[in-house]
Amino acid sequence: MLTFTRKAVLQALFFVSHSLAGVALSNEPFVKRDSLNNIPQGWKFHGPAPLDDEITLRIGLKQHGVDELVGTLYEISDPENIRYGEYLTKEEVDALVQPHPTSIAVVDDWLQAHDVDLSDVSRSSAKDWITLSLPISIVTKLVNASYSIFTHERSGNMIVRSLEYSLPASVSDHIDCIHPTTFFSFPSISPSLKTRSMTQSSPPTAKNSTACGPDSVSQMTPACLMELYRFDKYIPSSTATNKLGVVSYFGDFLREDDLQSFFQQFRKDAVNSTFSIQSVTGGITSSNFTGSEAALDIEYAMSLTFPTPVSIYSVGNDGPASTKNGDNEQFLDWALFVLNQTNPPQVFSTSYADTESAIPQEYADRLCTSFAQLGARGISVIFGSGDTGVDNDVACDAITDKTPFEPSFPGGCPFLTSVGGTASFNPEVGVGGPVFPNSNYRASGAGFSNYFPRPKYQDKAVSAYLSALGSTYEGLYNRTGRAYPDISAQSVTFAIVDNGELDADSGTSASGPVVAAIIALLNDYRLSQGKAPLGFLNPWLYSKGFQGLNDILLGQSEGCNGRGFNASKGWDPVTGLGTPDFIKLQKLLP
């Protein structure tokens, strides 16, 4: 009874405070920018946010030359275009997206009108993002919103958010988005799934040191991957200029002794090599505990590309959040950090995903544009597609046959390469469905974005699939949306060393680093010939590179209740265009 009474009081406080947010806080009319009818699934109201608490706001000013940026990106990423490979410098990208001076002035005046000292404002190098910490009492007036504390039911994490926000009419046209406001998503690992624990003596060491054999189905190793995708004979030679980046979130890190133990068992010539570290928003740079995600990402990124330098971008929780309660959106923290670097790695692998519908579209659009900015600088952005088929990170007990599919984010962004998962050999199959029912995760993430339209580069390939699909699942997905994944790789039972033990992990958290490693080696080859790195991959993959991929014909992107798309000839929303054949891809390089 006491618990029920307390809950009732808290809910009453929430709805009272929420209703007050609708009261105009200025004589100037406000324009509603975003609103939610209910607290998003998976979150619960904890209590009003104390007005004297500080919250860190990140304000995205309207970028001035986005159309030119995107047009330039497609030109320099198209092998048939005379500008192919003519990537922009950091300064040139900054100049393209820099807000109009009027926008900067209007936003500055708006802040000063609320007694904000502009000397306390931090600006990105392009001046398109500003960051400042303010008492919640001032923030509520700035955005005409009431902030509350919400608890994530699964993790217990607390965030400070609002169910709606508005901006003065004179300011609204100059701002793309403000964070945190209505963003309730909680990024998850793609995820890597620990499938079983193995004693040090369980897998025979002699077989580990060789390539693919009968045991490879139950334990994937670097040697098997290198043989399977035909890059076991390639020796990197551009290690002075080539680099691979791996992004790690939520304090996930790798112990040095675990890395060396992994090398000792699976890549002896790499023993004593290590990685460099970039700390983003307070990301950790050492740890006495290894997270399985970090083990999977780093051990395979390094063992597959050795001696190519690998840099770990450790993203912490010190970004836009309340100083007492909150959690920042870490994809943006990482992207802005890299955009501010002069010479970042040419390839990045990220094994985390959000649910698209949980993200405000204005925010998703802006983050996607940041990936276009990275692509314009010649950087390949690679994300795992997710591990729950067409129903990304949803509770299956709430799903019916008429429930629309739930796409993941940022897989639907057209300016990155999304990686699905396969398993088995001769043939490889997409994970999920009756052909591989005993996998350790539901299915390779797949689908069609509800936010981003299908880009021209994939129109022919995707249209062919949809034509064959006909009316199946009609109304449950966006036929005109950006389709994913683009490419796939093995993703089941990868051997890792995790806190001194030999374990196995699965998921597109495994396939993502594999594809990133292969792209890094293709870059190595191009750099050795005096050419530019591959940059934004998709225009090449869909126009010519697909000829260097193994078409996967079996598998299903199984979501809840057995529903999901099937793999087929050509592109499909299970394995994309297929899995890589390094030698063929090398011959097809622009």
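Positions of Cβ are set from backbone N, Cα and C atoms, glycine also.
TrEMBL lists 1-26 with the feature signal peptide.
Under the heading domain 'Peptidase S53', TrEMBL lists 219-590.
Here TrEMBL flags GLU293 (among others) as active site, charge relay system. GLU293 (active site, charge relay system) carries a helical DSSP state (H, G or I). Around the Cβ of GLU293 (active site, charge relay system), 27 further Cβ atoms fall within 10 Å across all displayed protein chains.
Within 10 Å of the Cβ of ASP297 (active site, charge relay system) there are 31 other Cβ atoms, across all protein chains. What TrEMBL records for ASP297 (among others) is active site, charge relay system.
Residues annotated as active site, charge relay system in TrEMBL: SER509 (among others).
All protein chains considered, the CB of ASP572 (Ca(2+) binding site) has 31 other CB atoms within 10 Å. Annotation comment: TrEMBL describes ASP551, ILE552, GLY570, ASP572 as Ca(2+) binding site.
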SER509, ASP551, ILE552, GLY570, ASP572 screened against ASP297 (active site, charge relay system), Cα within 10 Å - retained recorded positions = SER509
Near ASP551 (Ca(2+) binding site), which residues of its own chain have a C-beta under 8 A away, given they sit six or more steps off in sequence?
-> LYS569, GLY570, LEU577, GLY578
Cβ neighbour count within 10 Å of GLY570 (Ca(2+) binding site) = 16
Simplified DSSP label at ILE552 (Ca(2+) binding site) comes out coil
Give the three-state DSSP assignment (helix, strand or coil) for SER509 (active site, charge relay system).
-> helix
In angstrom units, rounded to an integer, how far apart are the Cα atoms of ILE552 (Ca(2+) binding site) and GLU293 (active site, charge relay system)?
-> 26
In the domain 'Peptidase S53' (219-590), averaged pLDDT is 92
Determine, for the Ca(2+) site, the additional residues of the same chain whose CB lies within 8 Å of the mean position of the CB atoms of ASP551, ILE552, GLY570, ASP572; present them in sequence order.
-> LEU553, ALA567, SER568, LYS569, TRP571, VAL574, THR575, GLY576, LEU577, GLY578
